[in-house]
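As structure tokens, the structure follows; a few thoughts come after it.
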Amino acid sequence: MDIDENLEVELRFRAKAAMRKRARGVRGAVPRDAILKRSAQIQDTLSSLPEIAAASRIALFFPIEGRNEVDLVALDARLRERGARIAYPTVDRDTRTMTFRFVDDPHAMEEQGSGFCEPGPSNEEALALDVIVVPCLQIDPRGYRIGYGAGYYDRTLPRFCPPARAIAVAFDFQLVSEIPDTASDVPVHVVVTDTRVLRIDAPAAETPPAP
């Protein structure tokens with residue numbers, strides 16, 4: 001990599017850091033009742049997606065308290081009623097790796113030093129998944145996202161996808177025209193917001209959420 005390429009990468013990392021900071025501020029200012037209402041709309045849309053309907057092994061994420069993330073708790077129960085097995089992420093901070101483990105009760109998970117509730121080591125590891133639902137702070141129509149900056153999902157998704165499908169969830173105000181992506185960034189296949197569905201592998205296709 002030459003000097004110009006190094007500079008370009010550095011500028012993109014700085015731009016992403018600035019976008020990340022602004023996005024956290026914007027999302028954090030949204031009233032909690034609005035977050036829950038928008039989350040319910042996202043969950044309804046997810047529930048009707050063909051990818052979700054056909055899946056038997058699905059990875060979700062548990063919302064971090066105080067960060068106004070998309071809340072998928074009700075979707076967890078809905079998917080279990082269909083017979084799906086639900087997994088949640090857990091991270092190893094020393095190796096900076098993430099795995100998924102199947103969980104019977106997401107409310108039994110505990111915070112283990114990484115800032116979010118995780119399954120314990122006694123839970124069965126998910127070696128294969130059909131769908132991985134991914135959080136974000138911002139996302140663009142190409143499927144590139146900004147997370148919290150640790151890169152866990154970018155490093156983990158290639159282990160499962162394909163055949164798994166990566167579906168990012170975001171509030172519509174988190175959708176931006178373009179994320180300054182770098183070589184280590186991994187785009188998702190589908191973006192679901194509270195007002196629309198974007199299919200990245202079919203760029204012309206944009207469908208409204210199910211009624």
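Note that Cβ sites are derived from N, Cα and C of the backbone, with glycine treated the same way.
What TrEMBL annotates here:
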- Lys16, Ala17, Ala18, Met19, Arg20, Arg145, Ile146, Gly147, Tyr148, Gly149, Ala150, Gly151, Tyr152, Tyr153: ATP binding site (BINDING)
- Glu69: substrate binding site (BINDING)
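All features noted in TrEMBL, drawn onto the structure.
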residue: Lys16; record: ATP binding site; CB count, 10 Å: 21
residue: Ala18; record: ATP binding site; CB count, 10 Å: 11
residue: Arg20; record: ATP binding site; CB count, 10 Å: 16
residue: Glu69; record: substrate binding site; CB count, 10 Å: 21
residue: Ile146; record: ATP binding site; CB count, 10 Å: 23
residue: Tyr148; record: ATP binding site; CB count, 10 Å: 16
residue: Ala150; record: ATP binding site; CB count, 10 Å: 13
residue: Tyr152; record: ATP binding site; CB count, 10 Å: 17
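DSSP classifies Ala18 (ATP binding site) as helix under the three-state reduction. The two recorded residues, Ala18 (ATP binding site) and Glu69 (substrate binding site), show a Cα separation of 19 Å. If you take the Cα of Glu69 (substrate binding site) and the Cα of Tyr148 (ATP binding site), they are about 12 angstrom apart, rounded to a whole number. Following the DSSP three-state reduction, the secondary structure of Tyr152 (ATP binding site) is helix.
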